[in-house]
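These come from TrEMBL:
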type	residues	note
COMPBIAS	B:745-761	compositional bias 'Basic and acidic residues'
COMPBIAS	B:773-783	compositional bias 'Acidic residues'
DOMAIN	B:99-492	domain 'Cation/H+ exchanger transmembrane'
DOMAIN	B:589-670	domain 'Sodium/hydrogen exchanger regulatory region'
REGION	B:41-71	region 'Disordered'
REGION	B:726-783	region 'Disordered'
SIGNAL	B:1-33	signal peptide
TRANSMEM	B:118-137	transmembrane segment
TRANSMEM	B:149-166	transmembrane segment
TRANSMEM	B:178-200	transmembrane segment
TRANSMEM	B:212-234	transmembrane segment
TRANSMEM	B:246-266	transmembrane segment
TRANSMEM	B:281-307	transmembrane segment
TRANSMEM	B:337-356	transmembrane segment
TRANSMEM	B:377-394	transmembrane segment
TRANSMEM	B:400-426	transmembrane segment
TRANSMEM	B:438-457	transmembrane segment
TRANSMEM	B:469-492	transmembrane segment
Amino acid sequence: MGTSLSAPDQDDDFEDLAARTGFSLEQIGNLHKRFKHLTNNQSTLRRENFDSVTDLMWNPIRSEIIEAFFDTRNFQPGGTGSVREITFEEFLIVMSHFRPPELNMTSEQRESLRTKKLRFLFNMYDKDNDGKITLQEYRHVVEELLSRSGTIGKDTAKDIADAAMLEVASITVVHMEPDEFYEGITFEHFVKILKDIEIESKMYVRFLNMDTTTLCK
Amino acid sequence: VLALGTVGASRRVSLQRGLLFLCALVLLLLSEAVEPLGASGSPGGAGDSSGGSHGLQKGCEADVTKSKHPTNRTKKPFPVLSFDYEHVKTPFEISLWVLLASLMKLGFHLIPRLSSIVPESCLLIVVGLLVGGLIKVVGETPPVLDSQVFFLFLLPPIILDAGYFLPIRPFSENLGTILMFAVVGTLWNSFFMGGLLYGVCQIKGTDLNTVNLLACLLFGSIISAVDPVAVLAVFEEIHINELLHILVFGESLLNDAVTVVLYHLFEEYAGVGSVSILDVFLGVVCFLVVALGGVLVGAFYGILAAFTSRFTSHTRVIEPLFVFVYSYMAYLSAEVFHLSGIMALIACGAVMRPYVEANISHKSHTTIKYFLKMWSSVSETLIFIFLGVSTVAGNHSWNWTFVTVTIILCLVSRVLGVVGLTYVINKFRIVKLTTKDQFIVAYGGLRGAIAFSLGYLLDKSHFPMRDMFLTAIITVIFFTVFVQGMTIRPLVDLLAVKKKQETKRSINEEIHTQFLDHLLTGIEDICGHYGHHHWKDKLNRFNKKYVKKCLIAGERSKEPQLIAFYHKMEMKQAIELVESGGGVKLPSAVPSTVSMQNIQPKKPPSDRAIPQISKGREEEIRKILRNNLQKTRQRLRSYNRHTLVADPYEDGWNDLLFKRQKLMEIEKKVMCVSVSLTHVPNWWLHSSDPQAYSSKPTSDDLPTIKVDLASPQSPDSVNLVNEFQKAATQNDPDDDGGLVMKVPFADKDQGEQDNKKEQQRLMRCLSDPGPGGDEEEDEPFLP
C-alpha cells in the first residue's frame, strides 16, 4: 500500500471503522489524509475549515452540504440538532452515505442502502427536523438552486416549488377535501415520489482512485 | 356479436390492404412497362437525364433546321396531346419508389397483429423481394441499391434524426463503455472473423484458395460493424430500458470510424498484397484523425447553425432549413476528406440542439421534429425494400462453406467479444452489466445495409470474389434481421429485461436530480477528487458563462435550466388544457382532488382596511363570483398551475397569457375581497407580479396588480371600484396572428360565453398536438 500509517493503534481504529462503515482500508487512509488536510492537522472538523475548498464557492447549495456534515441525524441514530465540530469517525460515517452499491448485494441490502441515502437527502431538505418538508423549506431549496440566476430566478422559484408540492400531494395523497391542509412531505411520500430514480446507483462518489496529488490543493 | 364485428373489421382491413398492394403493384408495373429501369439508380438516372437533355437539344436543333428549311416540313395537325416521358423519367421513378415505400408502411399498420409479431424491417425486405421478383418476371432488370444513392441520400436523414434526438445524459454517462464496444469490439470482430475465414479458405476441398488474407480481413471488417439502421428499426419496437438501448445504439453509431479506416486500409493494400508495420501505425493515426476530425467538423457546423439561429427571430419560416442544411453540409464536408460522416452528423446534431432549441419558435421545433421523423422513416423503408430488390437483382455466387462459416463466426465472435469486453468494463463501472444485459447487447448486434453498400462498392477487378462476398453479406443481413430481429422481442419478455419507463419527467424529479448533481459535485470537491461530477460542473459553468451568451439570443441566454424545464412543462400543459376543452377536466396523469388551496398554509384572516364598496358594487361582485367561481374551481382541480406563467420569449404568447393572467388576478382579487366580506376563510394564494415576463405590455389600461393579501405588511390600497370599471370597459381586440384570445369580460352574462368562445378559438389555433414520442422532449437540454 502506498499510504503508510504512523501509529499501529491507528491501524486498529481504521479496521474498526472499515468494519463499521464498509470502506476499504485504503479508502479510509485516503480520507484520513484529506481530513487532516482540511482541518490543518487538528483532530476535529469545523465549519470554517470548509472555506479552504475553493470550488465549493460555486455550489448553490453549499450551505446545505456543509450543514449535512454537522447534522447529528446523519451520524447518530436518533440524534437531533447540529454540532459545532465533528471527529474523523463522524466525517467517515457521513461519507459512507455515498458509497456505491456492490455487485453481490441482496435486494434487501439494496433497499436498506437506498433508504439510508434517501434519508440523508431528506435530512438535507428538512432542516428543522420536524419529519416533514414544508412548503417553506421546499421553496428555500428551489430558491437556492436558482440562486445564481439573478432576478429571473426569484419569482419563478416560488411557482416552481408550489407546482412541485402540488404534484407531490397529488401523487401521494390523491384525494383531499378543499379545506384539508397538506402539511408537508413526509419521508414515506419522499420515497414514493423518488421511486423512479435509482438513488442507490446515482448517489455515489468514486472513492476508488483518489490520487494523493489531487488531494493536496 | 363482438367477435363477428372484429371478424368483419379484419376482413375489411385485409381487403383494404389487398387493394393498396394491388394499386402499388399496378403503378409499378405501369412504370416498368413504359420504360425499362436502368441497372442502377443515380448513375443510370444521370445517364438517362443527360440522354433526355440531349434529346431536347437535338429537338431544338431539329427545330432550328426546320425553321431554316421550312419548305421541307410536312404539315401535320397540331398535336393536342403528346407523350414525353423521357424528361421526367428520373424524378418520376424516384417518386414512385417513395410512394411505394410509404404505401407499404401504411399497409402494415392496417393489419393489427402483424406488426406485433414481425418487425417492420422484415416485412419490408419481403416486400422488396416480391417487387424484385415481379420486375424480373416482367422481364426488366431490377435496380440494385446504388452505394452513392445510399450514402448520400438515404443514410443521412436517419443518422441526423438519431443524432439530433440523442439522449445526451445517458450517452455521456456510458461513453466509456460505448467506446470500448465500438472500437475494441469492432476491431476484435474484424480480425477474428477475417483470420478464421482465411484459415477456412485455405482448407483444401473448398475452392476458396483465391481469397487471400487481406481480402478476408476486408470482408471481416465490412461484416463486423453493427448497423445503426437495423438496430434502430428493431429496437424501436421492443422498448427496452434506456441503458441497453443507448449501449447498442451508441456502439452502432461510433463504430463507423473504425469501419471506415479498416475498409480503406484493407482496400488500399489488398491490391498490393501486403501490409507493413508502418501501414498499421498509419492506420491507427488515421483512425484518430477520422474519428476526431469527424467530430470536430460536426461540432464546427453545429456551432455555426446555433449562431445562425440566434438571428432568425424575424424569419421564423426558414429556421428548420438551417438545421437541415448545416447538418447535411457537415456530413458532406466530412465525406470530402474521408472522415467519418456519421460521427460528424451526430456531433453536429448534438452540439447545436440545446442552443437552437432555445432560439427557435415552437412551430419550428415541431417542424424539425416532424420532418426528421418523416425523412428518416421514408429512408429506412426505402433501404429495406431496396435490400430485398437487390437480393433478387444481384449476381449471386453461392458457396455453402463460405456462407455458413460466416454466419457462425459472426455469432461466435460477437458473443465472445461482448463477454470479454464486459468482464473488463465491469471493473470500471458502478452499475455493472449483468449477464442478461450482455446477452441483449450481443444479440442486438444486427447487420444491415451499410455492410451491403460497402461490399457493393468493391472494385470487381481487384476483388474477383466480390459476388461471393455480396451473397454472404446479404445472407448474414437476412439472418440477423429475420432471425434475431423476430426473436428478440419474445426473448426480451422471456428474460424479463427491464423495459423503458414510460413516466414523464416531472418537476420533482428535475429538482431532485439537480440537487443531487450539486450535492455530488460538492462532495467530490470536499474529497478533493476531480471526478465525473466535477468536470461536468465545470463544463456547465463554462457553457453558461461564455457559450450561451454567444449562441442564444436575448434574455434566454441567462435562463437556468430548471426554469426552462418549468416553462416547457407549462407550455405543454397549456396546450393540453386548451385541447381538452378548456379547464373543465384536465387530462392529468393522476386524477386527484388536491389543489393549490391544500398546499397553502392557513393564514390568519388579516384585518386590513377594506375600502368602502357600495351596495350595488357588492351585488355585482357577488354575481360575478357566483358565475366565475364554478369555472375557476374546476380549472383548479387539476395539476395545472393556477396562473399560467407565459414563456416570455415566445412571440405572441406573451401578450395573451399576460392578459389572461391579469384577468385571473382581477378575479382573484374580487373573490378575495368578497370572501373577506362574507367571512369565508381566505384560501386564495397571493400572486406575484408577473411583470418580469412581459416585455411589451401593450395595454396600460390593465392595472398592475401587486397583491399580497396574506402578508399584513403591504398595505395595498386596492381600489377595486376603479379596476372593476376598467375591466368592464375593457374590450381588447386581440389581433395576434394565430393565437387569438379575447379577454373575457368580467361581466355577469358575458363571462361564460366569452370563456367558451375564447377556448374554442384557442383550440382551433393550437390544433397541433405534436408527435407522440414526446419522451425526448422531456430531457433537459444540457446534462
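For all residues, glycine too, the Cβ spot is worked out from N, Cα and C.
Between the transmembrane segment (B:118-137) and the stretches B:149-166, B:337-356, B:377-394, B:400-426, B:438-457, Cβ pairs under 8 Å are most numerous for B:377-394. By number of Cβ pairs under 8 Å, the transmembrane segment (B:337-356) is matched best by B:149-166 from the list B:149-166, B:178-200, B:377-394, B:400-426, B:438-457. With a cut-off of 8 Å on Cβ pairs spaced 6 or more residues apart, the transmembrane segment (B:400-426) and the transmembrane segment (B:377-394) reach fewer than 3 such pairs and are scored as not touching.
With a cut-off of 8 Å between Cβ atoms, the residues of this chain six or more beyond the transmembrane segment (B:377-394) that come close are 97-98, 100-102, 104-105, 120-121, 124-133, 135-136, 141-145, 150, 153-155, 157-158, 229, 232-233, 448-449, 452, 467, 470-471, 474, 477-478.
If you take every residue in the domain 'Sodium/hydrogen exchanger regulatory region' (B:589-670) and average the pLDDT, you get 56.
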